[in-house]
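**Student:** Pulled the feature table from TrEMBL, pasting it below:
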REGION    1-23  region 'Disordered'
COMPBIAS  11-20  compositional bias 'Basic and acidic residues'
TRANSMEM  41-68  transmembrane segment
TRANSMEM  88-105  transmembrane segment
TRANSMEM  125-143  transmembrane segment
TRANSMEM  149-170  transmembrane segment
TRANSMEM  177-194  transmembrane segment
TRANSMEM  214-233  transmembrane segment
TRANSMEM  254-275  transmembrane segment
TRANSMEM  295-321  transmembrane segment
TRANSMEM  328-348  transmembrane segment
TRANSMEM  354-373  transmembrane segment
Amino acid sequence: MEMSEASKQTTRHEESEHLQNPEPDQILSQRRSLIVTQRKWWLSVSLCLFLVVLGDSLVMLLLNFFYVQDNREDSDQDLQYTGTWTQALIQNAAFPILIPLFFIFRSPKQNPETNNTRFLSFRILFLYTSLGVLVAAHSKLFALGKLYASYGVFTLIAAIQLIFMAIFTAIINRFKFNRWIIISILLTIVIYVFGSPEFGGEPDENEEFYNIQAWLTFAGSVAFALSLCFFQLGFEKLLVKTKRYGNKKVFRMVLEMQICVSFVASVVCLVGLIASGEYKELKGDSQRFKKGHTYYVLSLVGLALSWQVWAVGLIGLVLYVSGVFGDVVHMCTSPLVALIVVLAFDFMDDDFSWPRIGALIGTTLALGSYFYSMHKKNKKEMMELDRRENSVEV
């Protein structure tokens with residue numbers, strides 16, 4: 001027994017030395033693994049970035065199409081669309097299209113270290129419910145803000161959400177900022193203020209109520225920033241740290257998060273739609289639509305699908321990078337979306353002026369600054385492997 005115990009200690013000692021002083025072949029294998037991991041990571045980030053840009057563009061195009069076709073000006077009604085619960089519901093209701101994708105993407109084997117699954121399931125359920133209510137809240141608040149706000153005031157208030165995002169993520173997610181990320185944030189705020197696209201539902205002067213809408217838009221910005229922070233916290237503390245997906249960041253996490261959160265948000269918005277009696281206005285909206293009932297339904301379906309494309313891309317950026325980066329990308333798309341809206345529509349004498357051209361150029365600087373920060377982080381990981389390789393050779 002004594003010899004057996006001694007041999008076990010010797011074996012453990014050898015394994016410890018092997019881990020502290022890995023062989024060159026092991027370091028080479030780690031280098032290849034790191035290179036492959038980084039390439040997959042960049043591809044995932046690029047895909048999510050594309051989805052955010054595509055979703056943002058489609059949403060704004062279809063929103064303006066809806067406002068132009070809604071024909072409220074000819075029917076002697078308020079120019080802006082008052083169906084705020086409908087708008088909030090549309091942002092979340094198309095989540096069933098993600099369910100087939102959820103089963104297509106394979107899930108890594110659950111790590112056997114995961115324990116107390118009942119308590120873990122309760123925490124995940126609480127996370128999804130809280131996030132669903134928060135997402136429904138900011139969807140409703142932003143819709144109300146657009147109802148009362150002029151284009152300039154709404155854009156200015158909405159731009160400060162990135163400031164809230166930076167503050168909340170520093171406190172909640174313990175996010176570490178460097179000078180390149182700070183430069184990116186400051187540039188993004190300026191880009192959003194000067195480069196945001198117009199929307200056809202802007203109220204007239206006699207329809208604006210600044211004492212109400214300012215607080216609604218302000219509250220919506222706070223709710224949106226908080227939701228991104230809690231998305232990141234849920235990924236890091238529950239879905240990744242607890243080994244539920246085998247200690248890996250996989251796209252299936254994004255789909256699970258979006259499906260569950262959107263389900264809760266849709267239920268909240270549907271209850272609000274029914275309780276407020278707003279559903280009674282839907283028939284009149286379809287009859288007033290210039291293109292007819294079919295195009296009315298198609299525009300709402302297209303909007304719902306576009307919102308899901310945008311949300312999946314945004315949550316993917318939160319998973320693979322951070323909530324701050326997701327918000328930066330979302331706001332940096334505004335000049336490009338403004339250009340697409342100007343080319344597609346002609347209302348309110350909107351044009352792609354010099355400030356928007358400058359904002360479009362600034363987008364490359366803002367995103368480039370953040371990408372440089374991520375590149376430095378990946379390069380640091382590679383240099384650490386090189387250092388370990390050199391120490392082994394010596």
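Cβ from N, Cα, C; glycine included.
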**Student:** Are the transmembrane segment (254-275) and the transmembrane segment (88-105) close enough to be called in contact, which here means at least 3 C-beta pairs under 8 A that are separated by 6 or more residues?
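**Tutor:** They are in contact.
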**Student:** Report, as numbers and ranges, which residues of the same chain sit near the transmembrane segment (214-233): CB under 8 Å and 6 or more residues beyond its ends.
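**Tutor:** Result: 127, 130-131, 134-135, 137-138, 141-142, 144-145, 148-149, 153-154, 157-158, 160-162, 164-165, 168-169, 172-173, 257, 314-315, 318-319, 322-323, 326-327.
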**Student:** In the same chain, who gets a Cβ under 8 Å from the transmembrane segment (88-105) while lying at least 6 residues past its ends?
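**Tutor:** Contacts of the transmembrane segment (88-105) (Cβ under 8 Å, skipping residues fewer than 6 from its ends): 135-136, 139-140, 143, 250-252, 255-256, 258-259, 262-263, 265-266, 269-270, 272-273, 300-301, 303-305, 307-308, 311-312.
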